[in-house]
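Visitor: If you scroll down you'll find the structure; I have some questions about it.
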Amino acid sequence: MMASRLSSFSSSIARWHGDEHAVASPLDDAEILSMRRTRLFGATGTVLMAIGALGAGARPVVQDPTFGVRLLNLPSRIQTVSLTMTTTGAVMMALAWLMLGRYTLGKRRMSRSQLDHTLMLWTVPLLIAPPMYSRDVYSYLAQSEIAVLGLDPYRVGPATGLGLDHVFTLSVPNLWRETPAPYGPLFLWIGQGISALTGENIVEAVMCHRLVVLIGVGLIVWATPRLARRCGVAEVSALWLGPCNPLLFMHLVAGIHNEALMLGLMLAGTEFALRGIDAAQPLLPRPLAWPSSRAQWQRWQPMAMLVLGAVLIAMSSQVKLPSLLALGFVAMALAWRWGGTVKAFVISCTSLGAISLAVMAVIGWASGLGFGWLFTLGTANVVRSWMSPPTLIALGTGQVGILLGLGDHTTAVLGLTRAIGVFMISILVSWLLFAVLRGRLHPVGGLGVALGGTVLLFPVVQPWYLLWAIIPLAAWATRPGFRGATIAITLIVGIFGPTANGDRFTLFQIVMATLASAVTVLLLIALTYRRLPWRPAPEPPARPPEQPAPADDAYAESP
């Protein structure tokens, strides 16, 4: 009974995928012109976002480089206008991304270089803008500085370790001033290097962290099309839905979140590991002997790819732990190649687990931070996130109790709903791992669904967490239902999610900026209605079927 349910569940998930034609017809001249205009429309949006961030972004409390500069300081004096600019720019970029979808999912598609140019064009304006949508980067600076001073960032927070009057602590939100670091030692080790390089210069440190984000995005862009090719998905389709997703520009590039590095290392590691597992030659060449020639070294290439992939995935978990799920699906793919037996399962899990523990031990020892991160994984649970269904249910139940006069039991219900959510995550992930082990599900698809379930049932969900699932699934899932749902979620969260720096604005300012942005976008649509592909492109007229030439004796029997 259980086996049949597993087969049915894994089969229903497997139906999200269907092979696509990797090569499609190129765009015609009219479509290329329309695509370029659309790309420019989106780039204009990111420029507006960057300008608006001078007033509406998450600027530092001290060492603000725009302070006192006549032109650059103007947006901070008209914050509602600045918020309108960032909101309008984000909507323009999201709509341009949506319009580009017809040139990546249709019968004629953009080339890889055209999509890469779009990605770079939309990224550049945000690289020099102040942080947006989050102040987490200032927590990164403070926690790294604590480590530089020789203190343990997993025991003390910025207020205790640096003092309330420190330049980094002043820019950290009050909620996080007393909390220890919830990030892995690799990320804090990188932060230590940045702090040692830049000292207490906030602007230089922020730009260095944005450079780290850019490296992570580069790894994402490198790995996603290769994983898509491995799964039988068109490269430009996967790149458009994943790395070109508006949430990546808004929250990873503009928001400077370490998810970029986590996802980049995880996806690159998954690609290398699967490259070794899917190789035609054996993983372990026989007989086992030290290679003495180039040909013999090449026989070890599949094993080298597998080990390199496992190391990269383990490194990604030392930025944020959820990416370690990828190693589980790689282990199941390896066990399936070895026959899917219990022995193969044990050997693959043991060997890859040993590599992972070795990498963690080396990073913990080299950084001097050890394994203290294991005790701060629940730090973010202090946030009550409405995007998390378990948390939302608890908050709603607590409010019902208050209305009925039963008291506020939100905290108690939170403990129950979050525990149930974690239990459901463990069941879902175990189910998916077994499906990959039996060969019913591709490991990339299993990883994407597992991360999607983790985000959905996680105690705390932030808008950028959605990219954990969207990017790997973009390389595997092709069904219109999945892509349509992903597009809808992206637009809803991207447009109606958090403002550029929501804690600084009143409800009146947010409402006014939203209305002004809506009017501005509608005017832009009206002005560009005939120049941009707002309407579906008409299908080319069908050619009438050619009549076959009559045979010589076609009318032989006619009177």
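Quick reminder: no glycine exception, Cβ is built from N, Cα and C everywhere.
From Swiss-Prot, for reference:
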TRANSMEM  41-61  transmembrane segment
TRANSMEM  81-101  transmembrane segment
TRANSMEM  202-222  transmembrane segment
TRANSMEM  247-267  transmembrane segment
TRANSMEM  300-316  transmembrane segment
TRANSMEM  321-340  transmembrane segment
TRANSMEM  355-375  transmembrane segment
TRANSMEM  386-406  transmembrane segment
TRANSMEM  419-439  transmembrane segment
TRANSMEM  455-475  transmembrane segment
TRANSMEM  480-500  transmembrane segment
TRANSMEM  507-527  transmembrane segment
REGION    535-559  region 'Disordered'
COMPBIAS  535-548  compositional bias 'Pro residues'
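Help me picture these features in the structure, burial and contacts included.
Guide: Below 8 angstroms of C-beta separation, residues 35, 38-39, 41-42, 44-57, 75, 110, 118, 122, 132, 240, 244-246, 249-250, 487, 490-491, 494-495, 499-500, 505, 509-510, 512-514, 516-517, 520-521, 524, 532-534 of the same chain, each at least six residues beyond the ends of the transmembrane segment (81-101), sit close to that stretch.
Only residues 6 or more beyond the boundaries of the transmembrane segment (202-222), in the same chain, are considered here, and those with a CB under 8 A from a CB of the stretch are 60, 62-63, 65, 116, 119, 123, 127, 131, 137-138, 140-141, 167-168, 171, 190-191, 194-195, 239, 242-243, 248, 252-253, 256-265, 267-268, 471.
Counting same-chain residues at least six beyond the ends of the transmembrane segment (247-267), those with a Cβ under 8 angstroms from any Cβ of the stretch are 46, 49, 53, 90, 93, 122-123, 126-127, 129, 131-134, 136-137, 140, 183, 187, 190, 206, 209-210, 212-220, 223-224, 227, 312-313, 315-316, 319-320, 322-323, 326, 462-468, 470-472, 490, 493-494.
Below 8 angstroms of C-beta separation, residues 147, 152-155, 181-186, 188-189, 192, 307, 310-311, 313-315, 317-318, 321, 324, 327 of the same chain, each at least six residues beyond the ends of the transmembrane segment (355-375), sit close to that stretch.
Cβ atoms under 8 Å from those of the transmembrane segment (386-406) belong to residues 413-414, 416-418, 420-421, 456-463, 493 of the same chain, restricted to positions at least 6 beyond its ends.
Counting residues 6+ beyond its ends, the transmembrane segment (480-500) has Cβ neighbours under 8 Å at 16, 49, 52-53, 56-58, 82-83, 86-87, 90-91, 94, 98, 101, 105, 132-134, 241, 245-247, 250, 387, 463, 466, 470, 473-474, 510, 513 in the same chain.
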Visitor: Are there residues at least 6 beyond the ends of the transmembrane segment (321-340) whose Cβ is under 8 Å from a Cβ of it, and what are they?
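Guide: Distant contacts of the transmembrane segment (321-340): 184, 262-263, 265-266, 269-270, 273-274, 277, 283, 306, 309-310, 313-314, 347-349, 352-353, 356, 373, 377, 429, 432-434, 436-439, 443-444, 446-447, 450-451, 454, 468.
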